[in-house]
Amino acid sequence: MKTLQDTTVLHNGIKMPWFGLGVFKVEEGQEVINSVKWAIEAGYKSIDTAAIYKNEEGVGQAIKEAGVPREELFITTKVWNKDQGYESTLAAFETSMEKLGLEYLDLYLVHWPVKGKYKETWRALEKLYKDGKVKAIGVSNFNVHHLEDILADCEIKPMVNQVEYHPRLAQKELLLFCKDNGIQMEAWSPLMQGELLDEPTLVELAQKYGKSVAQIILRWDLQNGVVTIPKSIKKHRIVENADIFDFELSLEDMAKIDGLNEDRRIGPDPDNFDF
Ligand SMILES: NC(=O)c1ccc[n+]([C@@H]2O[C@H](COP(=O)([O-])OP(=O)(O)OC[C@H]3O[C@@H](n4cnc5c(N)ncnc54)[C@H](OP(=O)(O)O)[C@@H]3O)[C@@H](O)[C@H]2O)c1
């Protein structure tokens, strides 16, 4: 991981950037268009959206306006919970693709493990993958038991699991399970939505390395082998967040950050959600 363009190789051989921009809670229209364009200008290749973010059109518009060849980019979207099921997922995929204005998608994710539905949803993703409409398929918010359930009888193993991951929620067991099974883990809310920025240990490390707290956290993700997709709507932060390829945290400092784990979530619990 030496540059912003460096990639991990998914188990099907597809290259996925280690770093990208998330656009959760970024407004459709000029706000999302600007954020995505600034990111691409700054060298980002990967953009993470979802049907439920209601900004896929703006993401697509920004991609067109950025003028970068499509094949250089890595675009992720996700099927929302109410659309889960086989036929409804296939239809939701077409709607997302129309909004994005893309010929193919790089990564399609099952957004949450909706009980009684996610396996049918997964069959639809397998079909989209086999039809060549999406380069890679994966899941999001899956715990070990959800993954075991999918792995028990899937035809194609998920390539990615995108989960809440930051120094307060280090997810050691899940990360190990994903690594053992060739599933790339990806961090959502890597900055704990801004809540960790004045944590004293992180502030001290930021001073030591001459970096910001956000940069220390994002570097910790990468050194743990976790893809990361921080969100910002501010140009200077979009640039700052990606400037993490010129330093390395020592093993001792990695361990200090590991020590901040409290198994504490900022988002919903995948074993107990009702949406
Ligand atoms: N699969 C899922 O269920 C799921 C759930 C949540 C999120 N996600 C994905 O993960 C992405 C990231 O997570 P997130 O948006 O929840 O939170 P996040 O990236 O942890 O934090 C974003 C917050 O931090 C601020 N911020 C960003 N960079 C900063 C910096 N350098 N210094 C200070 N503050 C900074 C942003 O404010 P400004 O915008 O004002 O800069 C925003 O308030 C999402 O956008 C989405 O793509 C997926």
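In case you wondered, yes, glycine gets a Cβ from its N, Cα and C as well.
Curation does not apply to TrEMBL; its annotations are automatic.
Record features, source TrEMBL:
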- 30-262: domain 'NADP-dependent oxidoreductase' (DOMAIN)
- Tyr53: active site, proton donor (ACT_SITE)
- Lys78: site 'Lowers pKa of active site Tyr' (SITE)
- His111: substrate binding site (BINDING)
For Tyr53 (active site, proton donor), the same-chain residues 6+ apart in sequence with C-beta under 8 angstroms from its C-beta are Val23, Phe24, Lys25, Val26
The residue listed as 'substrate binding site', Cβ-centred 10 Å count of other Cβ atoms over all protein chains shown, is 21
Expressed in Å to no decimal places, the gap between the Cα atoms of His111 (substrate binding site) and Lys78 (site 'Lowers pKa of active site Tyr') is 5
Around the Cβ of Lys78 (site 'Lowers pKa of active site Tyr'), other Cβ atoms found within 10 Å total 25
